[in-house]
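Asker: Can you read through this structure? Questions will come right after.
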Amino acid sequence: MECEQLFSRALGRSSYNSITSASSDEELLDGAGVIMDFHSTEDDNLLDGDASPGSNYTMSNGGGGGGACSSTHLLDLLEEPIPGVGTYDDFHTIDWVREKCKDRERHRKINSKKKESAWEFTKSLYDAWSGWLVVTLTGLASGALAGGIDIAADWMTDLKEGICLSALWFNHEQCCWGSNETTFAQRDDCPQWKSWAELILGQAEGPGSYIMNYFMFTFWALSFAFLAVALVKVFAPYACGSGIPEIKTILSGFIIRGYLGKWTLMIKTITLVLAVSSGLSLGKEGPLVHVACCCGNIFSYLFPKYSKNEAKKREVLSAASAAGVSVAFGAPIGGVLFSLEEVSYYFPLKTLWRSFFAALVAAFVLRSINPFGNSRLVLFYVEYHTPWYLFELFPFILLGVFGGLWGAFFIRTNIAWCRRRKSTRFGKYPVLEVMAVAGITALVAFPNPYTRQNTSELIKELFTDCGPLATSQLCQYRSLMNGTGTTATSATPGVYSAMWQLSLALVFKIIMTIFTFGLKVPSGLFIPSMAIGAIAGRIVGIAVEQLAYFHRDWFVFREWCEVGADCITPGLYAMVGAAACLGGVTRMTVSLVVIVFELTGGLEYIVPLMAAVMTSKWVGDAFGREGIYEAHIRLNGYPFLDAKEEFTHTTLAREVMRPRRSDAPLAVLTQDDMTLAEVQALIAQTSFNGFPVIVSKESQRLVGFALRRDITIAIENARRKQEGILLNSRVYFTQHAPVLPADSPRPLKLRSILDMSPFTVTDHTPMEIVVDIFRKLGLRQCLVTHNGIVLGIITKKNILEHLEKLKQHAEPLTPPWHYHKKRYPPSYGPDGKPRPRVHNVQLESSSSSNQNEAESEEEVRLLDPSSH
């Protein structure tokens, strides 16, 4: 998840285009031991203007007032597309507003032409249906890959214990299906299946065979783990981890080239099978979301509607994430809700429909493959025959408390371990770390049958209700018939022995999951968390069951249970515990409840699930509102503004904007009185990625905003295609060229790259409003003005820095924002002369002359750069 290769690219300047180098105010925010990297590239790289040619040039930034798309005519200079303009570099944040405006312009163009000919009409139909085609292909590929991963993981997991001689490609269960010598009680024992001790030593029992099986189990576990980490390290570093934190960041508008590419898809699919088969405390459900998003990203390049628009592509990725959860849990509706609640940043109604369709197609394909051989989408489909009673809400809520405590404990310890891995030499050897964890896991897991088996098989056994045909040790009860024909059950020593083994398995799973999640192999968290909750729930369920049996005269049980009747279902407690622990770790609510009841078919038990999940969320939020994925996003320093996070401080825009009082003045451009040499010098001397354009040095009213990248590309294009462009050529952003002497060189018009409607806020705007604007509109920056005069700029990086400082340093609440009154200097100074006005603007704090006044007032000073 926190692969070093990813971060080294994000932190290194060498990985960026020379025209988008790091900003001058780059810094690392160190908060409570967490290194938040707000490197300037992705957060300070300001809007990429779209300079695509055509009859109209569409700018996509909304203005401070309306935010509508403004259109200006392209200059003669830009008669053909300029490569690089309108696209994004690696580790940059997209501009949602500009992308949406581009899509609307494309849609208007298609609609205006569709009546011209049959071909244009066909093209319009293709464009309209391309969204459904891409999600269909994504669903088909996701379902097929998930089915293949399930089959391969089951076979390789059983390979650690033995092999089927009659058909090498059969796992243990499939090997014994056709055997005539298999009894129902010993359904997994058949002559066709041979353990490694039988093959090597020729004996199935005895100390020697146990040691040989122990050795081969550990050998295969280490081999699978080594292959997984080696393939990830050599071929696709992005294939490590769960992928959900990065998917959430990408869906919020961040670009990580290669993270959803074909190599990542191929290596993640292979290594996911190896990692699950190695027996590590991880699951395949989270990585399946990454696999599905890789499919969606690859197929989106087949359709220009999505390949050329990053915002539209993220609609496909939202649908792909729904398909991933659909095939991971066999829960199509839960997948759609998961995409809506947990991962998506922008989720319009049509994306909801397409997500539903993608989840439907993926589930249909998985059902057709039937990887589990039970005609179900999931391995542990269960049906309970006993209803739940009102008094059981108390143990259900206790399981919710346990889930919340486990979630808070896991998040803190896992983040602490991942932070330590990053800051010590141990993290530089991912192969050794994976091998060490895999070796310890195999050595400790083999003696306990509940840790030796596949985690999904363990959850299936814990969820299953005991019946007459059950062979599990957990179902070894004494059955006593009472007068009414119902059956009362008393636990045998086998059940108590199984509870001790489950208790040891619970401790083992808790410890190993903490150290496993974050390894440099594909690792999901859903199944390990559900296993921990299922173990705890099954133990609680058996305890309540036996309590009801031996104390049936208690008021609680007498009111609800018949004398001697079996009214407690331990498997239900396992299901509720699994949901509670998964909710405590991820802080999901609605989607989690739907996933669990789709997963188990327990529609009747929604109320217990809801009670446990909400309790786990409340308990977990008491220790911290972040889920595990948000915690890893913050640990990795991704530029992600969480929509769930509340902003309660009363700071103003002027307190967050750049430049600060101690910084250099804001670098700006004038609209028509700067030469090409001055513009190039400004670009060379600074590393900012955008510059406000003002009227003149005397009147600093805002005209627009120009990007460093677009300016550089336009200048290079003009020199290549036009003659007479010299260093002393006048650069202007106006519609008409300024009046120049006759002997002046040819001027350079750059109006087409000017954003005429940049988002602006006043210096008195509360930061809670600014943060909401950034979240809901997906902005990358906005300008701060006072009466039209540019004072500074706020970028996404500045907001993330500010939020992190507020988290780490609890500041006392200041008076309400409207309490502050500011006195601005008049146009003339105390000597009666006009104040000097240049193209730099800065806020200065000047103390009041009255010493009795405790408050200082803010003044807007127009400073001469020679004074600094």
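Quick reminder: no glycine exception, Cβ is built from N, Cα and C everywhere.
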Asker: With TrEMBL as the source, identify the stretch among 344-365, 498-519 annotated transmembrane segment.
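Answerer: Going through 344-365, 498-519 one by one, TrEMBL gives transmembrane segment for 498-519.
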Asker: When you look at the transmembrane segment (214-236) alongside the transmembrane segment (389-411), do they share 3+ Cβ pairs under 8 Å, ignoring any pair fewer than 6 residues apart in sequence?
Answerer: no
Asker: Considering every residue in the domain 'CBS' (754-811), what is the mean pLDDT value?
Answerer: 85
Asker: So are the transmembrane segment (431-450) and the transmembrane segment (571-597) touching or not, going by 3+ C-beta pairs under 8 A with a sequence gap of 6 or more?
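Answerer: By the criterion, they do not touch.
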Asker: Apart from its near flanks, which chain residues at least 6 from the ends of the transmembrane segment (214-236) lie with a Cβ under 8 angstroms of it?
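Answerer: Same-chain contacts beyond the flanks: 156, 159-161, 196-197, 200, 263-264, 266-268, 270-271, 274-275, 277-280, 430-431, 434-435, 437-439, 441-443, 446, 452, 519-522.
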Asker: Determine which residues of the chain contact the transmembrane segment (498-519) at the Cβ level, with the cut-off under 8 Å and only residues 6 or more beyond its ends counted.
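Answerer: Sequence-remote neighbours of the transmembrane segment (498-519) are 1-2, 229, 240-242, 280-282, 406, 410, 413-414, 417-418, 421, 430, 433-434, 437, 440-441, 444-445, 448-451, 458, 472-474, 476, 525, 528-529, 531-532, 535-536, 538-539, 542, 628, 632.
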